[in-house]
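Colleague: The feature domain 'GOLD' is assigned by Swiss-Prot to 33-121. Taken from Swiss-Prot, the feature signal peptide applies to 1-19, supported by sequence analysis. Under the heading topological domain 'Lumenal', Swiss-Prot lists 20-180. The topological domain 'Cytoplasmic' annotation in Swiss-Prot covers 202-211. Here Swiss-Prot flags 181-201 as transmembrane segment, drawing on sequence analysis.
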Amino acid sequence: MKSIVSVLTLLLLINAVAALRFVLPAKDKNELPFCVRDFVKNGELVVVTVESPKYADGQQLSVVVRDAHGNEYTRIKNVLGREITTFSSHQDTALDVCFHNVANSHQDLGKTKEIDLSVAIGANARDWEQIQASEKLKPAEVQLRKIEEIVDEVDKEMNYLKMREIRLRDTNESTNRRVKFFSVGITLALIALGVWQIIYLRSYFRSKHII
């Protein structure tokens, strides 16, 4: 029984919601944004929650969520309070949540804004309270349902890593074959060049009656 509980606890830890609290200084609008990266699979549900102080303090915080392929999921200007964005990923990719804290004036440069960010992916992104109410599930049934989805996600992740390893191995083997053929070609070319030089020098020396 203890081993089962340990496994379930491990699964919950692996699929924990990514939560961060950090302080972002106000900068010029031309400065590069600060980005937090996570990884999502194709069709996976994602809930991004950003929270910052509601009061105006000479800083304007904007948030952009996009993936490594350039797909933009949301763009929020002047975040005040809590902003929640829900979407499904278009493909297996890295997901960037980028923050740009711009000072309204030169005097506001150097001010800071405290930001809370949470990124829930897959089973953790679902509203389990709503599911429990709509399907009239018991708390234990909700936990089992959640664990079942997490196990399925872990299985998909393992299959993805396996396929990725196969692709990388095939690429490595293909590269090794090309390097080997290139090395053989260079060696044959050097041998041919050496033979040609010997023949040429022999012919030259004979024409000069040296040999």
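Every residue number used here counts from 1 along the chain in the order it is shown.
Including glycine, each Cβ sits where the backbone N, Cα and C put it.
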Colleague: Give the residue counts of the domain 'GOLD' (33-121) per reduced DSSP state, in the order helix, strand, coil.
Modeller: 3 helix, 58 strand, 28 coil
Colleague: Which whole number is the mean pLDDT over the topological domain 'Lumenal' (20-180)?
Modeller: 86
Colleague: Looking only at the topological domain 'Cytoplasmic' (202-211), how are its residues distributed among DSSP helix, strand and coil?
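Modeller: Its residues fall into 6 helix, 0 strand, 4 coil.
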Colleague: Which residues, given as numbers and ranges, are at least 6 beyond the ends of the topological domain 'Cytoplasmic' (202-211) yet have a Cβ under 8 Å from it?
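Modeller: Sequence-distant neighbours of the topological domain 'Cytoplasmic' (202-211): none found.
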